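Contents: one structure, followed by commentary.
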Amino acid sequence: MPEGPEIRRAADKLEAAVAGKPLTHVWFAFPELKAFEAQLTGARVERFETRGKALLTHFSCGLTLYSHNQLYGVWRVVKAGETPQTTRSLRVRLETEDAAVLLYSASEIEMLDADGVAAHAFLQRVGPDVLDMSLTVEQVKERLLSPRFHRRQFSGLLLDQAFLAGLGNYLRVEILWQAQLAPRHKAIELNNTQLDALARACLEIPRLSYQTRGTVDENKHHGALFRFEVFHRAGKKCRRCGGIIEKTTLSSRPFYWCPGCQA
């Protein structure tokens, strides 16, 4: 599943294509959304907002389209009037005079007003977004030490969107390598130096993944553009200590780490 940085990069592309322009054609596949097609035609997309792995499309009329791609959903940007040949099922089409954004294969799609956004179960449940630049290291440390999270092993905690929104498996792996921590640890066991290193990595690694631009190489995964240190590198040498990177399964996901420098 794409993680927070990839969802945010996709949102940037959608916003560049259609934001601020009147919608000339709106189409929804789901019957419960059909009534909104006429209401949204002529309105503008004001912005695309990410909340972890969820995407909120805010319209000038006050409505917001909630979507979550899960494993198979994908957005595409095409020219106005263009319909790509694909076996995917089209769910949403938002078109302006010169461009269209298409959502394929997603199953979680809802239209919300302001109260609906505030009360939405998933949006209420998710923690602060790691790509929210106002989120600080100290705030992450506070969450790590909170009674709700301080006894959770990092192998599971860093996948929990209630802790920090936008993290996922490759970020979990790279964050723990950066902080030199084994996945079995809990925040309550760490000293302040270790806590600080982990909190910094929880912000720096996702932001590096989002901000990095350039050529995608053989280390790519769901569009991540920065170099992996341990993810998908089982059997190779750790670039920090020279140890051999190992692979196992934790929280039902593949996990990579270096036993030589992740204590």
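The backbone N, Cα and C atoms fix where each Cβ goes, and this holds for glycine too.
So that you can see what the record holds, here are the features copied from Swiss-Prot:
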type	residues	note
ACT_SITE	Pro2	active site, schiff-base intermediate with DNA
ACT_SITE	Glu3	active site, proton donor
ACT_SITE	Lys53	active site, proton donor
ACT_SITE	Arg253	active site, proton donor
BINDING	Gln70, Arg125, Asn169	DNA binding site
ZN_FING	229-263	zinc finger
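Features per Swiss-Prot, on structure.
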residue	record	CB count, 10 Å
Pro2	active site, schiff-base intermediate with DNA	20
Glu3	active site, proton donor	24
Lys53	active site, proton donor	24
Gln70	DNA binding site	13
Arg125	DNA binding site	12
Asn169	DNA binding site	21
Arg253	active site, proton donor	14
| Under an 8 Å Cβ to Cβ limit, what residues of the same chain, 6 or more beyond the ends of the zinc finger (229-263), are close to it? | 155-156, 159, 169-170, 172-174, 176-178, 180-183, 219, 221
| said: Cα-Cα, whole number of Å: Arg253 (active site, proton donor) versus Gln70 (DNA binding site)? | reply: 15
| message | Tell me the coarse DSSP state (helix, strand, coil) of Gln70 (DNA binding site). | response | coil
| Cα-Cα separation of Gln70 (DNA binding site) and Lys53 (active site, proton donor), in Å? | 8
| Is any of the recorded positions Lys53, Arg125, Asn169 within 10 Å of Glu3 (active site, proton donor) (Cα-Cα), and if so, which, in sequence order? | Lys53, Asn169
| Listing them in sequence order, which of the recorded positions Pro2, Arg125, Asn169 have their Cα within 10 Å of that of Lys53 (active site, proton donor)? | Pro2
| Whole-number Å value of the largest CA-CA distance among Gln70, Arg125, Asn169, listed as DNA-binding | 19
| message | In the three-state scheme derived from DSSP, which category covers Arg125 (DNA binding site)? | response | helix
| query | Do you know offhand how many angstrom separate the residue listed as 'active site, schiff-base intermediate with DNA' and Asn169 (DNA binding site) by C-alpha? | reply | 9
